[in-house]
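J.: I have a structure here, written as structure tokens, and I will follow up with some questions on it.
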Amino acid sequence: DEEIRHSLECIQANQIFPRKQLIREDENLQVPFLELHGESTEFVGRAEEAIIALSNYRLHIKFKESLVNVPLQLIESVECRDIFQLHLTCKDCKVIRCQFPTFEQCQDWLKRLNNAIRPPGKIEDLFSFAYHAWCMEVYASEKEQHGDLCRPGEHVTSRFKNEVERMGFDMNNAWRISNINEKYKLCGSYPQELIVPAWITDKELESVAGFRSWKRIPAVIYRHQSNGAVIARCGQPEVSWWGWRNADDEHLVQSVAKACASDSRSSVSKISARNSSRDFPNGDLLDVEFDSSLSNASGAESLAIQPQKLLILDARSYAAAVANRAKGGGCECPEYYPNCEVVFMGMANIHSIRRSFQSLRLLCTQMPDPGNWLSALESTKWLHHLSVLLKSALLVVHAVDRDQRPVLVHCSDGWDRTPQIVALAKLLLDPYYRTIEGFQVLVEMEWLDFGHKFADRCGHGENSDDLNERCPVFLQWLDCVHQLQRQFPCSFEFNEAFLVKLVQHTYSCLFGTFLCNNAKERGEKHTQERTCSVWSLLRTGNKAFKNLLYSSQSEAVCTLQPVSLISRRDLGVGGIWDPV
């Protein structure tokens with residue numbers, strides 16, 4: 001019955017995504033590219049010294065000595081310039097120009113493209129659904145094999161459990177996994193499993209959720225394997241002008257530091273136990289010491305351990321944080337959070353980043369003037385924003401690795417600047433995330449599980465016409481990763497081509513990985529079952545994405561210490577946005 005049901009789904013899916021009839025401006029014209037499964041070319045015509053074709057997935061322009069092949073959802077805008085020229089601006093910083101013999105032709109293609117690139121009315125209008133459905137039909141006899149190929153690997157599907165074990169959380173005394181968000185009943189943009197201090201109850205978490213923006217409570221996401229210090233993330237506290245407080249929130253934040261102290265002591269005891277076992281083969285004396293200090297310790301004794309001062313890193317400027325109080329938000333008052341330090345990083349909001357990227361893109365499309373190129377690049381502030389992001393991540397790294405302090409990171413809502421900082425910090429701290437497999441886990445956990453709004457920021461959500469919601473937040477973070485690659489060319493298993501391809505498919509909608517705004521929406525739309533995963537393309541075995549200079553590190557934490565200052569030399573270095 002199950003096989004019959006799946007077969008019917010395939011038949012129905014192919015009926016839902018039928019091929020469209022091809023319209024040729026010239027009967028002699030042929031489709032100039034090999035179509036993907038589910039792809040159907042709708043128009044083929046002639047441009048000035050080129051053949052231009054439009055399908056339900058891409059725009060293809062074949063010039064005499066070059067070609068342009070761009071997914072439709074990667075195109076941000078199309079306009080007519082100089083009467084006969086189409087000017088296409090892409091979300092990954094590319095700009096495409098195409099000349100037509102007549103004004104009428106130019107206008108016809110302008111209308112076709114503007115109609116093709118508009119946000120979908122329903123999510124099934126995106127090509128990833130048609131592509132997967134047709135693949136299932138074409139490979140019906142090899143469905144199981146194809147299904148395995150288009151899904152993410154075991155390291156991705158079992159990421160939470162694997163990461164908890166790999167990082168060595170003490171689940172007996174310090175931490176616990178809460179299922180309070182099962183079926184997303186607490187917070188729609190958070191994962192279903194959360195790591196919190198062991199003695200914090202779900203009732204307290206519910207109280208904290210009412211005090212944090214979008215109910216995004218402080219949740220632990222990383223543990224330093226050597227010293228037990230952790231990184232946690234959340235949304236801003238809803239202090240407002242009235243200066244509201246929440247005792248459970250204050251208790252939770254302080255408990256993160258206390259759990260770290262307990263976890264650190266547990267780790268030291270375990271190491272000591274392993275070393276002492278050589279002197280006490282029978283383990284009698286060792287067992288007595290271990291049980292009395294840890295296993296039988298009461299909660300009060302565990303909490304009596306002196307914790308390190310917790311760093312609360314607010315990605316915003318102090319002025320921006322205070323201004324958010326008018327909207328009901330705000331920041332932590334140090335008086336109410338004892339043994340905590342609040343630091344403001346002054347990172348720009350999405351509107352400033354969007355304007356900076358647009359300035360950068362405009363600069364890259366102009367004929368370079370050697371006399372003022374560096375100053376023009378500097379004026380876009382793109383590299384400045386990268387520098388501030390790197391400095392913020394480094395502050396987290398130094399606190400966790402050098403000072404052995406726990407860190408809590410947030411911005412306003414916790415889904416833009418927060419994942420940038422924590423994901424970059426984890427990349428610097430842990431060599432596992434610098435492998436192809438680990439990088440996939442990092443993106444899944446910090447960007448997808450914790451609800452970065454890919455649909456709104458990339459503009460491919462249902463009816464996502466609001467341009468103010470768009471911003472290349474993820475692309476900016478990937479550019480930062482690229483800067484790290486240039487500074488540490490032997491430390492990353494993946495190469496620049498891996499990042500460029502990831503940028504392209506963040507927007508292309510060929511894969512379903514980056515659809516919707518959070519995991520809850522992806523579950524409701526069944527994207528995992530109805531689309532392919534981008535990791536099926538960017539898999540570990542694909543040699544095209546391997547860094548030939550990569551030197552595998554030991555399993556111990558090996559922290560990178562990048563330079564975050566902008567020098568004249570840096571201004572001349574192309575990032576991931578380099579049009580070349």
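Heads up, the Cβ atoms here are built off N, Cα and C, so glycines get one too.
The shown structure was predicted, so the numbers you read here are calculated from the model rather than taken from an experiment.
As annotated in TrEMBL:
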type	residues	note
ACT_SITE	C411	active site, phosphocysteine intermediate
BINDING	N324, R325, A326, K327, N349, I350, C411, S412, D413, G414, W415, D416, R417	substrate binding site
DOMAIN	154-580	domain 'Myotubularin phosphatase'
J.: Are there any residues at least 6 positions away along the chain from N324 (substrate binding site) with a Cβ closer than 8 Å to its Cβ? List them or say none.
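T.: The list for N324 (substrate binding site) reads Q236, R316, G330, C331, S412, given in order along the sequence.
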J.: I need the least crowded one of these recorded positions (A326, C411, D413, W415), counting other C-beta atoms within 10 angstroms of each C-beta.
T.: A326
J.: Between R417 (substrate binding site) and the residue listed as 'active site, phosphocysteine intermediate', what C-alpha distance do you get in Å?
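T.: Pair distance, Cα basis, whole Å: 6 Å.
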J.: Which whole number of Å gives the largest C-alpha distance between any two of N324, R325, A326, K327, N349, I350, C411, S412, D413, G414, W415, D416, R417, the residues noted as binding substrate?
T.: 20
J.: Just name the most isolated of the binding-site residues N349, R417, going by other Cβ atoms within 10 Å of its Cβ.
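T.: Looking at the binding-site residues N349, R417, the Cβ with the fewest others within 10 Å is that of N349.
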J.: I'm trying to understand the geometry here, so how far is the Cα atom of N349 (substrate binding site) from the Cα atom of C411 (active site, phosphocysteine intermediate), in Å to the nearest whole number?
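T.: If we compare the Cα positions of N349 (substrate binding site) and C411 (active site, phosphocysteine intermediate), the gap is 9 Å.
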